[in-house]
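Peer 1: My structure is below; once you've seen it, I'll send some questions.
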Amino acid sequence: MEKRNLTVVREFVLLGLPSSAEQQHLLSVLFLCMYLATTLGNMLIIVTIGFDSRLHSPMYFFLSNLAFIDICFTSTTVPQMVVNILTGTKTISFAGCLSQLFFFVTFVNMDSLLLCVMAYDRYVAICHPLHYTATMNLCLCVQLMAGLWLVTYLHALLHTVLTARLSFCASNIIHHFFCDLNPLLQLSCSDVSFNVMIIFAVGGLLAITPLVCILISYGIIFSTVLKITSTQGKQRAVSTCSCHLSVVVVFYGTAIAVYFSPSSSHTPESDSVSTIMYSVVAPMLNPFIYTIRNRDMKRGLQKMLFKCTVFQRNNDLSD
């Protein structure tokens, strides 16, 4: 009888964001617009970098990968949430919940580690400019990306397998808009101490280590920038880093608030808002940050739009 009770939960109910029925529909429109902006903005970055040969450098290679990951990141949670609101169906199967958890953990860690690699790229470019081409070659860039995918895949698989082994025999209501680790652990009637230990050990290693490396890289970068005598050189060095730093602050500030704050401070409302900031808002802002504040990206975008306009005019004249 006990075993039968332990296998009762076959699906979960995602309550979504705490709001009234009228607000839910407004939220669905808002998040759909944000998702479309994220997808189109990041696709524009990828196309612009591929179109302009002057942007075929390690910095923009990593930026195009970040744009792709951001599209996948938001696609893991937002479409499901919008569909649930519009259809009124808030349930998700156990397998679907684990799949969502796997991909979410994969892409959130990819974002974290890739921001670290991008900080290292800026460190080499500013502190060792003469060795930049030799150090950040295509082979190393590809190897770094392959290594990131392998590490994040194994980490996400670890959490997914450990969560799949838990028993859910009581409530199946998740006070969140997707299947995240903390809400699932709170629902389990099994001993989750090992899962929590893995979150703080392995998860902390993958979150804190990149952040420490980013801080060290930028500490060295700023000390190098201060030694530059040319004002124009200082401004150019700072401009290449400011975009990346803005993304790092938004992403890490909200992610740490969710996963590494005391459990007593966690509420469904605060966790949902913080998660939205780094999983929905940050990926949407990245294209604007990198296109508005990056001179090379603006030139590449203008060049692409100009050629597209000329091509369209030629087609219209030929018709």
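In case you wondered, yes, glycine gets a Cβ from its N, Cα and C as well.
Take a look at what TrEMBL says about it:
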- 41-290: domain 'G-protein coupled receptors family 1 profile' (DOMAIN)
- 26-47: transmembrane segment (TRANSMEM)
- 59-78: transmembrane segment (TRANSMEM)
- 98-120: transmembrane segment (TRANSMEM)
- 132-156: transmembrane segment (TRANSMEM)
- 192-225: transmembrane segment (TRANSMEM)
- 237-260: transmembrane segment (TRANSMEM)
- 272-292: transmembrane segment (TRANSMEM)
Peer 1: For the transmembrane segment (26-47), give me same-chain residues lying six or more residues beyond its boundaries with a C-beta closer than 8 angstroms to one of its C-beta atoms, as numbers and ranges.
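Peer 2: Hits for the transmembrane segment (26-47): 16-17, 19, 63-64, 67-68, 70-71, 74-75, 78-79, 81-82, 85-86, 280-281, 283-284, 286-288, 290-291, 297, 301, 304.
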Peer 1: Compare 59-78, 132-156, 192-225, 272-292 by their Cβ pairs under 8 Å to the transmembrane segment (98-120) and return the stretch that comes out on top.
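Peer 2: Comparing 59-78, 132-156, 192-225, 272-292 against the transmembrane segment (98-120), the winner is 59-78.
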Peer 1: For the transmembrane segment (59-78), find every same-chain residue at least 6 residues outside the stretch whose CB is under 8 Å from a CB in it, and list them.
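Peer 2: Distal contacts: 31-32, 34-35, 38-39, 42-43, 45-46, 49-50, 100, 103-104, 107-108, 110-111, 114-115, 117-118, 121-122, 125, 138, 141, 145, 177-178, 240, 279-280, 282-284, 286-287, 290, 296-297.
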Peer 1: On average, what pLDDT score does this prediction assign to the domain 'G-protein coupled receptors family 1 profile' (41-290)?
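Peer 2: Overall, the domain 'G-protein coupled receptors family 1 profile' (41-290) comes to a mean pLDDT of 85.
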Peer 1: Would you kindly list the residues that approach the transmembrane segment (132-156) from elsewhere in its chain, counting only those six or more residues past its ends and only Cβ-Cβ distances under 8 Å?
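Peer 2: Tertiary neighbours of the transmembrane segment (132-156) are 58, 61-62, 65, 101-103, 105-107, 109-110, 113-114, 117, 121, 124-125, 202-203, 206.
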